[in-house]
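Below is one structure; the comments refer to it alone.
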Amino acid sequence: MLSNFEQLIFVGGVPRSGTTLMRAILDAHPDVRCGGETMLLPSFLTWQAGWRTDWVNNSGITQEVFDDAVSAFITEIIAKHGELAPRLCNKDPYTALWLPTIQRLYPNSKFILMIRDARAVIHSMIERKVPVAGYNTSDEQSMFVKWNQEIRKMLFQCNNAPGQCIKVYYERLIQKPEEEIQRITNFLDLQYSQQMLHHHELIGAEVDLNDQEFSASQVKNSINTKALTSWFDCFSEDTLRKLDDVAPFLSVLGYDTSSSKPDYSMFADDDFYQFRNFYS
């Protein structure tokens, strides 16, 4: 069995934020294996939190014992979810809500938090009929409120894990893939591989796809910018007018909420990260 000190890689974020693309890119690296979503670990992390009570401690099961049991389960799932590799990776979007727990269980792990314009995220959920708990597709504005709640918590946790969590903007990744992938591999202490720019050519070989993942069909294509503007003209004027109220973290993250057709070229600027402060 692998130890708790393995340099595991976790990829998370609000669903439809580019997590599947990110894990496909990582899977293309010769030393990394992610595989598809387990669709289990976020629920398991929620379950284990409910058992961390005084009742458990009073029964003689200390947090250390409980942590060992929890990490043993998670490690087995990740390790036997596919072929072994020098660096193992997990992509379940909502693990991003459990970063402090992951930090404690796996002190040498690294986390990639994917960030994407909420308008594109929510349009994707609605258009592709992706069922995500807590998102009511018949009420657009409530979906923006839910996104804001989740990304706020994810960002807070990521910002409290310096050196262990990196934020990756989807809009930059697809416009400046080589620079961004090099930034990511540096963070992960991996040697950069040109294969990562061509993940689509390795589908079925280095990169296994899970047909249950809603983005599986999309990542069969090369990295492209087609999805950047797919949400244009898809929201009501009333919804767009209220964005700063229902999803204030859009502007905090640098997205232009004043335009119904924003220009994403700023995310490709060479000095982009110089202007990312607490939330970047």
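Quick reminder: no glycine exception, Cβ is built from N, Cα and C everywhere.
Residues within less than 8 Å, Cβ to Cβ, of N221 (3'-phosphoadenylyl sulfate binding site) and separated from it by at least 6 positions along the same chain comprise H200. Sequence annotations record features per position, and here Swiss-Prot assigns 3'-phosphoadenylyl sulfate binding site to 16-20, R116, S124, R128, Y170, 215-224 based on similarity to another entry.
Sequence-distant neighbours of C89 (disulfide bond): residues of the same chain at least 6 apart with a C-beta under 8 Å from its C-beta are L8, I9, F10, V11, R23, L26, D27, V32, R33, C34, G35, I78. What Swiss-Prot records for C34-C89 (among others) is disulfide bond, and it gives similarity to another entry as the kind of evidence.
Annotated active site, proton donor/acceptor per Swiss-Prot: E37, in sequence order, evidence recorded as similarity to another entry. Cβ contacts within 10 Å of E37 (active site, proton donor/acceptor), excluding its own Cβ and spanning all protein chains shown: 25. In the three-state DSSP assignment, the secondary structure recorded for E37 (active site, proton donor/acceptor) is coil.
Under the heading N-linked glycosylation site, Swiss-Prot lists N57 (among others), citing sequence analysis as support.
According to DSSP, K91 (site 'Transition state stabilizer') is assigned to a strand segment. Taken from Swiss-Prot, the feature site 'Transition state stabilizer' applies to K91 (among others), supported by similarity to another entry.
DSSP classifies N136 (N-linked glycosylation site) as coil under the three-state reduction. The annotation N-linked glycosylation site is assigned in Swiss-Prot to N136 (among others) on the grounds of sequence analysis.
The disulfide bond annotation in Swiss-Prot covers C158-C165 (among others) and is backed by similarity to another entry. Just so you know, the Cβ of C158 (disulfide bond) picks up 22 other Cβ atoms within 10 Å once every protein chain is counted.
Per Swiss-Prot, the feature site 'Transition state stabilizer' maps to S215 (among others).
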Next on the checklist: Within 10 Å of T19 (3'-phosphoadenylyl sulfate binding site) (Cα to Cα), which of the recorded positions K91, N136, C158, C165 do you find?
Outcome noted: K91
Item to check | Top Cα neighbour of K91 (site 'Transition state stabilizer') in the set of recorded positions R16, E37, S124, N224 | outcome: E37
Checklist entry - Given the recorded positions T19, S124, N136, N224, which one is most crowded in terms of C-beta atoms within 10 angstroms? => result T19
Item to check | Cα distance (Å, whole number) from S124 (3'-phosphoadenylyl sulfate binding site) to N136 (N-linked glycosylation site) | outcome: 13
